[in-house]
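**Q** Pulled these from Swiss-Prot:
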type	residues	note
TOPO_DOM	1-7	topological domain 'Peroxisomal matrix'
TRANSMEM	8-37	transmembrane segment
TRANSMEM	39-60	transmembrane segment
TOPO_DOM	61-89	topological domain 'Peroxisomal matrix'
TRANSMEM	90-122	transmembrane segment
TOPO_DOM	123-147	topological domain 'Cytoplasmic'
TRANSMEM	148-185	transmembrane segment
TOPO_DOM	186-216	topological domain 'Peroxisomal matrix'
TRANSMEM	217-236	transmembrane segment
TOPO_DOM	237-326	topological domain 'Cytoplasmic'
BINDING	CYS273, CYS276, CYS293, CYS296	Zn(2+) 1 binding site
BINDING	CYS288, HIS290, CYS307, CYS310	Zn(2+) 2 binding site
Amino acid sequence: MAFSSANRPQLIRSSQKDEQFQGSLRGQAHEVCQAFAGAKKWLQWRKEIELFSDLAYYCLTTFSGYQTLGEEYVNIVQVDSSKRKVPTLFQRAALICCHTLLPYFLDKELVRLEHELQIETDGVRLSHSGLSSGSHRRSWMWKWVHRKIAALSEQQKKTLVKAVYIFRQSIAFLRRLHLATFYIKGAFYHLAKRFTGINYLRVRRSIGDDQLVNRSYTLLGAISLLHLMLLLWVQFNSFQQRQEAQQKWKVLRRMSYQRAPPHEKSYKRRAKCTLCLEVRRHCTATPCGHLFCWECITEWCNTKVECPLCREKFSAQKLVYLRHYR
């Protein structure tokens, strides 16, 4: 019996169904952790809980040689690049690592590197910060990184901070570019499957005209590419405007700080925003309890709807401006 390649709607529906079941599994894991370990431990380990939930899901399905619930839902099966054999155990393990472990560790280590650079640039170690809570038990690698960062000049540190930020944005850009390519070519929906060469075959014949569906998705891919180019141009202009606004804001802060009373100055030395690394102005709280400048956090929320420190997801409407906060 000859099998044909899975079409784009099947791959998308399969991924969406898997995400739905993974979200349900994560929610149950969060509830169990909160019930037994408390809210404090849950806040500290919630990213790791999500990681282990995803690993459990894929180990019980893909790694064990079974279809995921999403794949079973649309009647597709995994095959290797030859489309004649099922993926080997090594390929399945590599797929799970690239799909779950790699994004987690990449995001975690980049955030940590960015935080280290900001601390060194500022010259103050925030011992109570959520991101530096494990600084006293650093691994040998991070001790080496810390020594190398300490040896850099201030200008080099600032340049490296920008480079890390651009690299993180480039990862998001690459994902969107890959998605647009999928709409046009229809080969791999996830980057991890492209790296491991895992394809899909459909068990049953799909209902509908594949050529008509493919033309529709090709048009969607072209529109996505155009939108991505426009977004890149807008972000570049926005980045330049932010740089100019940041310089003006630093001048205004310096003038305000020089006019402040001595007792207010001594307090403000401790109250600094971790985004701009300047004295915190117009203090604003996120739902998770972290404090930032109003201008800094609202600007951050224009591109990312998450806390810069703990990565808790929230909408900009949830920000609380703390009037007369001392």
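Cβ from N, Cα, C; glycine included.
So where do these features actually land, and what's packed around them?
**A** Among residues of the same chain six or more beyond the transmembrane segment (39-60), those with a C-beta under 8 A of the stretch's C-beta atoms are 18, 21-22, 25-26, 29-30, 33, 66, 68, 96, 99-101, 104, 108, 130, 133, 288, 310-312.
If you take every residue in the topological domain 'Peroxisomal matrix' (61-89) and average the pLDDT, you get 93.
Nonlocal intrachain contacts for the transmembrane segment (148-185), taken as residues 6+ away from its ends with a CB within less than 8 angstroms of a stretch CB, comprise 8, 11, 106-107, 110, 113-114, 116-118, 120-121, 191, 194, 217-218, 220-222, 224-225, 228, 232, 235.
Within the same chain, residues 3-12, 14-15, 71, 74-81, 83, 87, 91, 94-95, 98-99, 102, 174-175, 178-179 sit at least 6 positions outside the topological domain 'Peroxisomal matrix' (186-216) and bring their C-beta atoms closer than 8 Å to a C-beta of that stretch.
Tertiary neighbourhood of the transmembrane segment (217-236): same-chain residues 8, 169, 173, 176-177, 179-186, 303, selected by CB-CB distance under 8 Å and a gap of 6+ residues from either end.
Taken residue by residue with DSSP, CYS293 (Zn(2+) 1 binding site) is part of a strand.
The DSSP secondary structure for CYS288 (Zn(2+) 2 binding site) is coil. Neighbours of CYS288 (Zn(2+) 2 binding site), defined as other CB atoms within 10 A of its CB across all chains, total 16.
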**Q** Taking a Cβ cut-off under 8 Å, which residues six or more beyond the ends of the transmembrane segment (90-122) line up next to it in the same chain?
**A** 47, 51, 54-55, 58-59, 62-63, 65, 78, 80, 129, 131-132, 142, 145-146, 149-150, 152, 154, 157-158, 160-161, 164-165, 167-168, 171, 190-193, 195-198, 272, 274, 277, 311
**Q** Based on Cα distances to CYS296 (Zn(2+) 1 binding site), point out the closest of the binding-site residues CYS288, HIS290, CYS310.
**A** HIS290
**Q** Sequence-remote contacts (6 or more beyond its ends) of the topological domain 'Peroxisomal matrix' (61-89), Cβ cut-off under 8 Å?
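**A** For the topological domain 'Peroxisomal matrix' (61-89), the far contacts come to 5-6, 10-11, 13-19, 21, 95-96, 196-204.
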**Q** Could you state the whole-number distance in Å separating the C-alpha atoms of CYS293 (Zn(2+) 1 binding site) and CYS307 (Zn(2+) 2 binding site)?
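**A** Pair distance, Cα basis, whole Å: 13 Å.
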**Q** Per DSSP, what is the residue count of the topological domain 'Peroxisomal matrix' (186-216) in each of helix, strand and coil?
**A** 13 helix, 4 strand, 14 coil
**Q** So how many other Cβ atoms are close to HIS290 (Zn(2+) 2 binding site), meaning within 10 Å of its Cβ?
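**A** That number is 17.
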